[in-house]
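First up is the structure itself, then whatever we jot down about it.
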Amino acid sequence: MNLCSSGATASTTSLSSTGQRNGGTSEGGGEGAGGGGGSGGGGGNSSNDGPSEAIHCFGSNGGGGGPEEVFHTSHSHSTANGGGGGGSSNGHSQQHNENNATMPPETRPKMVTVKHPESNKPKPTTKKSKPIQADQDVIKALQRCRDEGIKRLDLSKSSITVIPSTVKECVHLTELYLYSNKIGQLPAEIGCLVNLRNLALNENSLTSLPESLQNCKQLKVLDLRHNKLAEIPPVIYRLRTLTTLYLRFNRITAVADNLRQLVNLTMLSLRENKIRELGSAIGALVNLTTLDVSHNHLEHLPEDIGNCVNLSALDLQHNELLDIPDSIGNLKSLVRLGLRYNRLSSVPATLKNCKSMDEFNVEGNGMTQLPDGMLASLSGLTTITLSRNQFTSYPTGGPAQFTNVYSINLEHNRIDKIPYGIFSRAKGLTKLNMKENMLTALPLDIGTWVNMVELNLATNALQKLPDDIMNLQNLEILILSNNMLKKIPNTIGNMRKLRILDLEENRIEVLPHEIGLLHELQRLILQTNQITMLPRSIGHLSNLTHLSVSENNLQFLPEEIGSLEGLENLYINQNPGLEKLPFELALCQNLKYLNIDKCPLSTIPPEIQAGGPSLVLQWLKMHSPYRQM
C-alpha cells in the first residue's frame with residue numbers, strides 16, 4: 001500500500017525495520033548529520049573540540065542518526081556518547097530478535113553453543129556471503145521503498161558495497177542514509193531522486209560523485225565525512241540549494257573558486273583535510289553561520305572572510321596560520337573563534353569589534369602580547385585561554401578586562417608576577433591556572449579572590465604562601481606542586497572546602513596541625529618533600545581517599561591513620577627511615593593500593609609485603625595486640 005497516496009504519514013524503513021540506529025563515530029568538530037527526526041532525532045557522539053553546531057534531519061517516525069558533533073575552542077577532551085534517535089524504537093537488540101523471527105529459516109542466524117575449540121571455527125563461506133546478502137537486502141529494501149512510497153530510508157551500517165540502479169524508482173525519498181558502509185561509488189541513477197533533501201554518505205570509500213547528482217535540486221544536507229575524496233567533487237558546486245555540507249576527514253588539498261556558487265550554505269566543514277589555501281570565494285558565502293577549517297595546513301586567511309558577517313562560529317585551530325586579516329573585525333556576530341595551535345605572533349586590534357565572543361583562546365601559538373585594551377573591549381568574555389605562548393606579563397587593560405570572566409588560563413608562559421589588584425573587578429573568577437610560569441611570590445591582595453574554586457600555581461618558584469590565603473574559603477582545588485615552599489601557613493585550616501591539596505615536590509619539613517580541619521579533603525599529595533612525621537590530626541580527614549607521602553623522611557606513621565576508613569590509595573614508598581607500620585592501619589578496610597617499596601620494614605616478612613595490601617593488612621590485624629577486641 002502506498003501510504004503517501006492514501007494520505008497517511010509517509011513511512012520510514014531500514015534494513016533492520018523501523019528501529020533505532022546509532023550514528024557513526026565522531027572525533028570532535030562542528031558537525032552533526034544524518035538521521036534523527038520526528039520524535040527521535042539523530043544521535044551520535046559529542047566531543048569538546050569544535051563549534052557547537054548539530055544538524056538533525058527530519059523524519060516521520062524518528063530513526064537512525066548520524067554522528068552529532070560539537071566543538072569548543074577550549075582545550076577540553078571530555079566526550080559523551082549519545083544514541084541514535086528513534087521515534088518508537090525499542091533498541092537495536094530488540095530489532096535483532098524481531099528480525100530473526102521474521103527471516104526465513106535458511107537465512108536466520110543460528111545460536112551456537114561452543115563445546116570444543118573446533119566448533120568455534122567459522123564456516124569458509126560465512127564472510128564471503130555477508131556482502132552478497134547485504135546487497136540482496138538492499139534490493140528488497142528499495143523494492144519496498146518504491147511500492148510503499150517511503151520518504152525516509154536508512155541503510156546505514158549494513159555492509160553495503162553497491163547501490164543498485166533500481167534506486168531510481170524510489171522517487172518519493174526525501175532522506176537517504178547510507179553512512180558506515182563499504183560503498184566505493186554511487187550509481188548515476190541517484191540523480192533520479194529529485195525530492196531528496198538529506199543525503200548521508202559519511203564513512204564510506206567514495207572517491208567521486210556522479211554528475212547526475214546535480215538533478216537533486218532540493219538537496220539541503222550532504223554529509224561526506226570520512227571518505228577518500230582527493231578533491232571536492234565538481235558536481236557539489238552545482239548543488240545550489242545546499243545549506244549544510246560536511247567534508248571532514250577526506251584528502252582534499254584545494255577549494256575551487258566555484259565554491260562561491262553555494263550561496264545558501266549556513267554550515268561548511270572542511271576539517272581534517274590537507275588544504276593549504278582558502279580562496280576569496282569563501283567571502284561569497286554570506287549566509288554562513290559555522291565554518292570549520294581546523295586541522296588543515298592554512299598559513300593565511302583571505303581578507304574576504306570579513307564578508308561572512310553572519311558567522312557565529314569560526315574554527316581555525318590546528319593550522320599553520322601566521323596572521324589573521326584585519327577584516328576579522330567585521331564578524332560582529334562571532335561567538336566562538338578557534339585559534340589554538342597555530343603560528344600566530346599577534347592578532348589584529350580589530351578583534352575588539354567582535355563583542356559577542358564569549359571565549360578567547362589562542363593556546364599554543366607564539367604570542368607575546370595582545371592589542372592594548374582588546375580584552376577589556378570584549379566585555380562578554382567568560383573564558384580566556386592564553387596558555388602555551390610567550391607572554392612575559394599580563395595583558396594590558398587593567399582590571400576591566402576580567403570583569404565577567406570566570407576562567408583564566410595562562411599556563412606555560414614566562415610571567416613572573418600577578419599584578420596587584422588585577423582581579424579586583426573579577427567577582428565571578430572561579431578558576432585561575434598559572435602553572436609553569438616564573439612566579440616567585442603571590443600578590444598581597446590574594447585574600448580578595450574570595451570566589452576562587454580552583455587555583456593552580458604548580459611549577460613556579462614560590463617560596464612562601466601569604467597568610468591571607470585563609471580568605472579563599474570557597475577554594476576546592478589548590479595545586480602548589482613543584483615550587484620551593486618550606487612550610488604551609490597554619491591558616492590553611494580555614495579553607496574548609498578543599499577537596500584536593502597538591503604539595504608535591506617542595507621543601508616542606510612539617511605539616512601544620514590545622515590540616516586536620518580540612519574535613520572535605522579527598523586527595524592529599526605530599527610526595528617528594530622533607531617531611532619527617534605526619535600530624536596526628538590527619539586522622540580527622542574522614543573523606544580522604546588518596547594519601548601520597550612517598551619520597552620523604554618519615555620515621556613512623558601515626559596511629560590515627562587507622563581512622564581513615566575511606567582511604568583507598570596509600571603511597572609511603574621510598575621513606576628510608578620507615579621501619580614499621582602501625583597495627584591501626586589494618587582498620588583501613590577500603591584500602592586497595594598500598595605502595596611500601598624501598599621502605600625497610602623489618603617487622604613484616606618480605607613474602608607478606610609482596611602479597612599486596614590485603615595480605616599486609618591481614619598480617620597487621622593478626623599480629624595486632626588489639627586483635628582479641
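Here the Cβ of each residue, glycine as well, is placed from N, Cα and C on the backbone.
Copied over from Swiss-Prot, here are the features:
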- 1-19: compositional bias 'Low complexity' (COMPBIAS)
- 21-45: compositional bias 'Gly residues' (COMPBIAS)
- 1-133: region 'Disordered' (REGION)
- 149-170: repeat 'LRR 1' (REPEAT)
- 172-193: repeat 'LRR 2' (REPEAT)
- 287-308: repeat 'LRR 7' (REPEAT)
- 310-331: repeat 'LRR 8' (REPEAT)
- 356-377: repeat 'LRR 10' (REPEAT)
- 404-425: repeat 'LRR 12' (REPEAT)
- 428-449: repeat 'LRR 13' (REPEAT)
- 451-472: repeat 'LRR 14' (REPEAT)
- 474-495: repeat 'LRR 15' (REPEAT)
- 497-518: repeat 'LRR 16' (REPEAT)
- 520-541: repeat 'LRR 17' (REPEAT)
- 590-611: repeat 'LRR 20' (REPEAT)
- Query: In the repeat 'LRR 10' (356-377), how many residues does DSSP assign to helix, to strand and to coil?
  - Reply: 4 helix, 3 strand, 15 coil
- Item | Outside the repeat 'LRR 14' (451-472), six or more residues from its ends: residues with CB under 8 Å to it | 411, 427-442, 444-445, 478-489, 491-495, 502
- Near the repeat 'LRR 15' (474-495), which residues from the same chain, at least 6 beyond its ends, have a CB less than 8 A from one of its CBs? 430, 435, 450-467, 501-518, 520, 525
- Task: Could you give me the DSSP helix, strand and coil counts for the repeat 'LRR 12' (404-425)?
- Result: 0 helix, 3 strand, 19 coil
